[in-house]
Every structure is written in structure tokens, then in C-alpha cells.
Amino acid sequence: MRLMLLGGPGAGKGTQASLLINRYKIPQISTGDMLRAAIAKGTPLGLSAQKIMESGGLVSDDIIIGLVKERLKNPDCDRGFLFDGFPRTLVQAEALKDAEIHLDHVIEIAVDDEEIIERISGRRIHQPSGRVYHVVNQPPKNPGVDDITGEPLIQRDDDKEETIRKRLQVYHSQTAPLVQYYKEWAETGSKEAPKFHTISGTGTVEQIFDNIVTILET
């Protein structure tokens, strides 16, 4: 089972990815994790990436694809894998295709921007414990304070509306075109093309997961 999840920030990809890797016993392949592991091991690609990162540059798509190919040779990928945060751009998607790294399913978790903003901007954190609340979906007993300690809750900078809107802009300009790319490729009927599905990201975690599993196992 070789999978990719697409969707904006806050669409629930991370939650669903955790459930999927447990169900299908496949690893979650993250470019960040791969970079850190390659640098720690001192592999040639890792050393190349380290030099670029230390000079403040962006690691090239060639290096990223090389790391992906290395990672997929590991025995834990024999049953498949789930890509996390990769590819991010059309250039990376084309490079993945050229490298003959095949996917079985690409699933878009679709959530409206305003719903995403409400989800993320409503989060409140009790910093010392890490307890998370939501002003609408999971409010504290008393507004603005932790249920257990009575200490104030904070809103992280990453959860502020202005920051979320900027992240959504980046998503729509760079990553959202992947939806069209994989949709159009699937419509060609090519044997190499993964199956493409769009599901609603609105509902309970369990409902969304059940919808994904139905798609994968039908």
C-alpha cells in the first residue's frame, strides 16, 4: 500500500496518517526525518544536504529524491509507505514520476479555508502541561484558563489567523496544484498513475478514517 495524503494545513492529514500507518503496518516517510537521519549517518547525500543547510540554502529536489530512493530500499517499506509532506511542488512530483517511484493511491482531504482557520485559530494551549483546548470544539470549563491548574492558556503564534492565512497562501500556490496533477494523471487511465480520490475532511476522525479505509479496501 503506497499512499500519499494531500490537503491544506489543519485538514487532518497527520491524524489520518497515524491511523493509516498503524492499520497497514507501513512507515510514514517524512523528508525532514530522512534529512536528519542521513546527516546523522554521514551518508554522501546527507553530507551534501548538511553543507547546503549550513549555508542557509534550500536542499535541491535531486538530493531529496535521492534520499527518498535510499529510504524506500529499507525492509520496512516492503509492504508500502505513506508520504508525509512530500512532494510539495509539481517539480518534485515530476521528479518522483521520473524516478519511477510508484504510488497506489493519492487521497485529498478537502476542507474549506474558513473551516481550517476556525480549527487552528481556536486552539488554546496550557504551555506547562501541553494540554490543548479549542474555544468551540473543546473549551475549558472557564474561558482562558486550564481546567486543572487554573493557569492561563495561550494562543501560539503559529495558530494565529494571520499566520494561518499565509500558510494557506503557500499551500494554494505550491501544493494545491498537485491535486490537479494527480487527478488529471489518474484520468488518463495509465497503469503507472495512482488512483486519485477526494474525501471531505469535515466530520469526526473516525468517520474520515472509515471513508479512507473504504476507498483503499474496495
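For all residues, glycine too, the Cβ spot is worked out from N, Cα and C.
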Residue among Arg2, Arg23, Arg123 sharing the ATP site, where Swiss-Prot lists Gly10, Ala11, Gly12, Lys13, Gly14, Thr15, Val132, Tyr133, Gly203 as binders: Arg123
When distances run from the Cα of Gly57 (AMP binding site) to each of the binding-site residues Gly12, Gly14, Arg123, Tyr133, the nearest one: Gly14
Cβ neighbour count (within 10 Å, all chains shown) around Arg123 (ATP binding site): 19
Same-chain residues at least 6 apart in sequence whose Cβ lies under 8 Å from Val59 (AMP binding site): Leu35, Ala49, Ile52, Met53
Among Thr31, Arg36, Gly57, Leu58, Val59, Gly85, Phe86, Pro87, Arg88, Gln92, Arg156, Arg167, the record's AMP binders - longest CA distance, Å: 31
